[in-house]
Structure formats: C-alpha cells, structure tokens
Amino acid sequence: MCAIIGIVGAVPDQKIIERARDTMFHRGPDDAGLYYAPEEDVALGHRRLSIIDVSPAGHQPFVSHDGRYILVFNGEIYNFQELRRDLHNFYPFTTKSDTEVLIAAYAQWGKDALQHLRGMFAFAVWDKEKKTLFIARDRLGIKPLFYANTNGNFYFASEIKGILALSGIQPKLYAAGVSDYLSYRYVLGERTLFQNVYSLMPGFCMSVGVGTAPIIEQYWELPILSQKTDPGETIVLQEVERLIAEVTRSHMVSDVPVGVYLSGGLDSSVVTALMAAASKEPVKTFSIGFEEDGFHEFEYARKVAEAFATDHHEMVMHARDYFDLLPEMIRYKDAPLSIPNEVPVYVLSKELKKYITVVLSGEGADELFGGYGRIFRSGYDLERMRNLLDPAYLAGNGRAILEKNLKEKYGSIEPHSVLDHFLGEYSYMTFDEKRALLREQAFPGGSRELLNASFFGPYFERVKDMTIGEQYMYIFQKVHLLGPLHRLDVMAMAASVEARVPFVDHVLAEYISSLPFGYKLRWKSDADKHAARLLDSGNISEVYDVTKYLLRKIGAKLLPESIVRRKKIGFPVPLDRWFRDEYNAFARELLLSGDARTAPFLNQNVVKDWLDDTNGFSRQPRRGLHLWMLINLELWMREYRVS
C-alpha cells in the first residue's frame, strides 16, 4: 500500500527527510506527506499507493480527531469495516479508510488494538502527550519494517534504503549474515546484511521515547499444541473451506482493480477459483515463464483461465532481460535476491500494473498446508535411523535395503538430533561447501562454518513435544515464510502494485496449526506407506504421499483434476544451463575480477573450479543456484559500496 519512515531524536533538515522518504517513491507514487516536528524530536514521512478511499481524505500522516496521535501506516486492515462498527460510538469517523479505523483502534485500546486487527501491516503511532513512538508489524511478516538505533536517534522505514538515507549510516557488512545467506538465502532473525540495521520481527511491537532504549514485545505467537484436535475430516474440510473463501473475499475489497498471479499450480488456482466465484466480472489473471521448455507452466495456467473464463495475460521472460535487471532488483530489495524467480515476479508486476493495482497470490500455502514434502517427510528418515539402533528392527533383507538407501542420501545412518537433521536438509549449501568457499580469516569465531544452530535451537525447544514433521512445519511458518513474503512485497511494490496473500491469515494459520499432521502431509494409503518403508524421503515425497492434503481436497471441488494432481514444481529458473553455457563468462568476469568486492571473504580458487567444471552442474544439482547467490552478493556489495 505505502512506504513509511520516521525518526525520534535529533530531527534533521526537512529536505533530508523528504529525500529519504522519496527513495521509496515506487511504494507510493500517488501522494506524499510529512509530519515534521523538530520541537517534539520527531518526524514521520509517508508515501501513498491509494487502495481504500482513494480520496485526499486518506492522506498520511493521519492525525487523530483530538490531535494527540499521528499515524503512518503501510498495509491493509481487512476487518476494518467490522472494527469501524465496534468503534463508532467512541470515535467520530470522517473518512471511509482503514487508516482512520486503525488510529481509532489505537486511541481506544492502545497496543491491545493489535489483538483486534486482521490484515497485513507495519505502522507507527506518535503519542504527542507521552512523547513516545509505538511501532508494530503484522503477525506473520507480510509487510516489512526495518529500524536502527544509533547515535541517540531511532530510525524506522519500510525499506533499508530509507534508513541509510535518513541516518547517514555507512553501509558495513554484517559478516555472519553472509554465512546465513549462503545457507538459507536470507539473514536469520532480526539481523540484516547491514551492520546496525534490523528487521522488526513478525508478531512484535516496539515502544521508544526520546533518548530511551526501545522496548520490544511479542504480541502474538502461533499456537504450540503437542496434542492436536481432530473433529473429523468432514468438519475440518468445511471449516477450512469456509475460512479460505472468507479471507479471499476480504482480500478482494478494494477501490481499485484487483487481479491474481496465476502460475497454474494448486495454490494460485484455488485463489483464482474462489475469486471467480466471488466476482461479477471476469477475473484478471497473469502468468509468466521462461522461453526454455520445462521452465514455464503456461499449459496449466491456461487450463485454469479457461475453466473460469478469466481475462488472461501471459509474458515470456528471456535470459538477457533477467541479467540486465539484476542490479535494479537488488537496489529495490536493499539485499541480494533470495529466490531466483524474484526478477520474473517484478517483470510480471510491471505488466499487470497496466490493468490493476492490487494482485492476489497463492504465497504461503506451502508453509501452512504442508507443501514442502521432501523436507517435512525427512523426519520419517530420522525416525527410522533411530529405529535402526535396535538390532531387531527390520531384520533381514529389508533392513539392508533401508540402510543402503539412507546411506546414499545422508552418507551415514547415524541419527542426529532433530535440529541437526533439519539443518542438513534445509541448508542450500553444505557445511563442507561453505568451509571450502569462505576464507577463514574473514569470519572470526568460526562463524563461517555455522549453520546457525544457536538461532534455530530455541524454536525447536518450543516445539520439542510435537512430531518431527510438525516441528519442521513450525520452523517453516516462523522462519522460512519470511523469505517468500519479503520477495513478493518488494517485487510487487517496486512496480507500484500491492500484493495480497489470502493464505497468510492468522486466523487460518491458527486453525491449521491445531490440526494433526496427517491433514497436511498424508500417506496415499496404507499400502503406499508399506511400500515406502524402505525408501528415503526423497523417493517417497509426492509418490507415496500427498502434500497439502486439505488444500487438494478443497481444490478437487473447484479445479480441473490435472491441476489438483500435479506435483509441485515451484517457479523454475534455468540457472544451471545459463552458467554452464552463455553466462559462464559473465559470472567469471564478475566474481574473479581483481576488483571483486567479495574477494576478501570468498576463496576465488573454489569459485573458479565451479565455473571450470561445467560437467559439475549435472553432479551438483544446486551449482547454478550457488553461483547465482555469489553473483547477487557481489552486485549488492557494488551497488551499496559495502565495506
């Protein structure tokens, strides 16, 4: 919806704040506002993308009717009409905007207003009486919010570039973040790749006064239930179907045109079907893919578009355009890209901006409903490794077959902890690969070798009484989901488009979390479970089991059978072929040049070996991804002159 920015402390010249605010022009090209009060030691800035109540009445910063509270807000409150009815006796509303509902809720309930909100949001409220700033981020991390507390001043913004421009902080590398990025494609927790710049975590809020340290509090957590309730499949399906239809309708509320990203996969197809059922006009659908065979899903997207008579649009992405856009995408994100399909998402968003301003996405369904079958099923491997410690387990030929299959996948059948097993499966670069690639002297304290067990440990401790599969799903919902959500927000807002994610709804998430694991990842039958007992999880997933069981059952009522039954393929990008062939020289010039900014911490001999060994792309299935990540790091350091 917008961009927000602010400072509490020594307020600089107004032009400096305006320039910092306008670094995020793309997030809000329709309007700009500023609350400039150096006598109060505060300034708040806002750029607006008009969605709800597009009249000037929705201008921000928004001042409460009594003048006490000043609000800047990015996002949408989907239950704002319900809250408006609850608050109309307490607040004299003058607009139709959810912004005014939010400030009324805060005026009435204070920070407890967060318990009433259903939506995606990052906002800040200045209390003129108490001289305090209150900031908050939505429960699941749909909308970003960054901050820095340095030299006696507190800064916040929707994007890091705003903080850098406002604070004058010099871009310095947070070295341990490089290790995080190479393992997980993003920096874990509240840290960013910039020293002294942080991300407010989802479900957290913060209060800060002039010259005082911020007080950070958690206001929401996913339910952690070791004992799951099972009211029966019929009741569960009815409730999930009701919730999904409800959130989809609420996400369609807008005073500007709405459409949907349609990949042809299950998640976006369900959203399309529900939008079509709720819309009087043909739904506008948008798809993109690469020209190479096997790297697009146009066939399936067209089937869905035809089934629901949508107004369908397609785009084809070319390699030359992809690499030309990389530096620009990194400038929008203020970080190396984390998912290779970020560039196509931006290109598609630029195209759909010609027709609509709000777009719905199927993002988040994999994390909530159990779509990462290979990883979620890998807990079954660990369980059987533990069972193999018992000599009586699977005596005979079956035991030998299972041991062979598990050894081929993991190198050993010695069972690790649940945490260590997860890290081995989740990391995109192995321990040995990182140890060879990163120069030891650049990473003090052994941080180059860490898979950051210290970060994940507390999460696993909270859910230790759950099954292994449920533990892994919890980690994906709390940690992994932030990557896809941030990608979507940045790439859509870069095109001045608001992306909405109906599956990422906290009420839906709470309900799904209360259900047994079998409603997410389920064996196809007892016979399939028996047939899979000697196989490793990589050969089990989506062959002998069903991912996103509940969503597929709902999809079966709505979609062509070919869409419901097809395997998840994600959004593939032909990185291996590009770096093996026509873009090998591009990678070589960038990463092995004398002025490469990554040279102080990357072993260039290892990088050269990767590029020279073109046959290695078939032996190492992630080699192209590894090189892509290194290129992103290099381009990011050049763009921001990171020291």
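Just so you know, the numbers here start at 1 and follow the chain as drawn.
Glycine is treated like the rest: Cβ placed from N, Cα and C.
Any TrEMBL annotation is an automated prediction that lacks curation.
The active site, for GATase activity annotation in TrEMBL covers Cys2. Sequence-distant neighbours of Cys2 (active site, for GATase activity) (same chain, 6+ residues apart, CB-CB distance under 8 A): Arg27, Gly28, His46, Arg47, Arg48, Leu49, Gln60, Val72, Phe73, Asn74, Gly75, Ser158.
All protein chains considered, the CB of Asp98 (L-glutamine binding site) has 27 other CB atoms within 10 Å. Secondary structure from DSSP puts Asp98 (L-glutamine binding site) in a helix. According to TrEMBL, the L-glutamine binding site annotation covers Asp98.
With a cut-off of 8 Å between CB atoms and residues at least 6 apart in sequence, the same chain places Val260, Tyr261, Ser268, Val271, Leu488, Ala499, Arg500, Val501 near Ser361 (ATP binding site), listed in sequence order. The DSSP secondary structure for Ser361 (ATP binding site) is coil. Annotated ATP binding site per TrEMBL: Ile288, Ser361, Gly362, in sequence order.
The domain 'Glutamine amidotransferase type-2' feature in TrEMBL is assigned to 2-211.
Residues within less than 8 Å, Cβ to Cβ, of Glu363 (site 'Important for beta-aspartyl-AMP intermediate formation') and separated from it by at least 6 positions along the same chain comprise Asp267, Pro484, Leu485, Leu488, Ala499, Val501, Phe503, Val504. The site 'Important for beta-aspartyl-AMP intermediate formation' annotation in TrEMBL covers Glu363.
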Confidence summary for the domain 'Glutamine amidotransferase type-2' (2-211), mean pLDDT rounded: 96
Integer Å distance between the CA atoms belonging to Asp98 (L-glutamine binding site) and Gly362 (ATP binding site): 24
Largest tally of Cβ atoms lying within 10 Å of a Cβ, found at which of the binding-site residues Ile288, Gly362: Ile288
Local backbone state of Ile288 (ATP binding site), from DSSP in three classes: strand
Most distant Cα pair in Å, residues Ile288, Ser361, Gly362 binding ATP: 15
Residue pair Ile288 (ATP binding site), Asp98 (L-glutamine binding site) - Cα distance, angstrom, rounded: 33
Neighbours of Ile288, Ser361, Gly362 excl. site residues, C-beta within 8 Å of centre, ATP: Val260, Tyr261, Leu262, Ser263, Ser268, Phe286, Val345, Val359, Glu363
